[in-house]
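Asks: Positions annotated as S-adenosyl-L-methionine binding site by Swiss-Prot: A33, G34, H35, D53, F79, D100, Q107. Here Swiss-Prot flags 299-309 as compositional bias 'Basic residues'. Positions annotated as region 'Disordered' by Swiss-Prot: 290-309.
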Amino acid sequence: MNFNHVPVLLEETIDSLNIKEDGIYVDCTLGGAGHSSEILKKLSKKGRLIGIDQDINAIKAAKERLKDYENVTYVHNNFYNLASILDELNVDKVDGILMDLGVSSYQLDTPERGFSYMKDAMLDMRMNTENGISAYDVVNGYSEDDLFRIIKDYGEERFSRKIAKAIVKERNEKPVETTLELVKIIKDVIPMKFQQGGHPAKKTFQAIRIEVNHELEILNKTVEDGVNYLNPNGRISVITFHSLEDRIIKTKFKELENPCTCPKEFPICVCGKKPVVKVVTRKPIEPNEFERENNSRSRSSKLRVAQKI
């Protein structure tokens, strides 16, 4: 198992967490442990890292990479369940939380996982291969209207209606089973002049992956739960990879910083809702030119940080 995954915005993310050597930190997306290994280097033996991942292969790879550290707790679970995970571990408060929302290099580069539009494989795209619906179920089971909705909303694809219609037409003849079968359907309906700026299947694959893994639905809850468990001055750092995720994080941080619901004309707040965090990054931190050139998967990444009041 080759779980090589180059962490994006590594230095910026570690700096953003303001790591205390005796603190407790949660990596909600452990992956290949690129970020976690750097966190551990800054922790004393009294410090603790809790690493969560819903991909069992990520957990196995991280255990191997971090085998020299005894202050790591590994949790095979979805970070949606962050609150119950911390409760089960009898952890009342933590000093920092990291979420890296990108698909790992391992997942993209392992054809049988079905994430990549560059390699042929059965349609799958499940982060946790042990449960949930797969990309095959979405492509072959959703109505045309539902396919249109997710490709439009989650992929921001201008040809979403044409793609949805073409998928339904194709599957009426026979099921769409593989990634490259789906790629061909997409390519056939997108005009050639619109196939120049990036792979034509990228947005549709993103949309289906988000649907399969409920990626956007779980973000708001996880951020809110995470902030509740932060110590004062503790930080939550979130790396996003597309505008939908970034918008959700930006909006949620703003809501937590200014939760007041009083009408603007009220001279003072009477709703009683107090700020929970201070937003550290008014504009997201993005990779520098060197990282963009040397790690193509970093190019769309953005880091946003908030600090518990």
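Each Cβ is built from the backbone N, Cα and C atoms, and glycine gets one as well.
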Asks: With the cut-off set at 10 Å between Cβ atoms, which of these binding-site residues ends up with the most neighbours? Options: D53, D100.
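Replies: Highest number of other Cβ atoms within 10 Å: D53.
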Asks: Count the residues of the compositional bias 'Basic residues' (299-309) that DSSP assigns to helix (H, G, I), to strand (E, B) and to coil, and report the three numbers in that order.
Replies: 0 helix, 7 strand, 4 coil
Asks: Using a Cβ-Cβ cut-off under 8 angstroms and a sequence gap of six or more, which residues of the chain neighbour F79 (S-adenosyl-L-methionine binding site)?
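Replies: C28, T29, I52, Q54, M99, I218, T222 - these are the non-local Cβ neighbours of F79 (S-adenosyl-L-methionine binding site), listed in sequence order.
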Asks: Quick check: in three-state DSSP terms, what is F79 (S-adenosyl-L-methionine binding site)?
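Replies: Its secondary structure by DSSP: helix.
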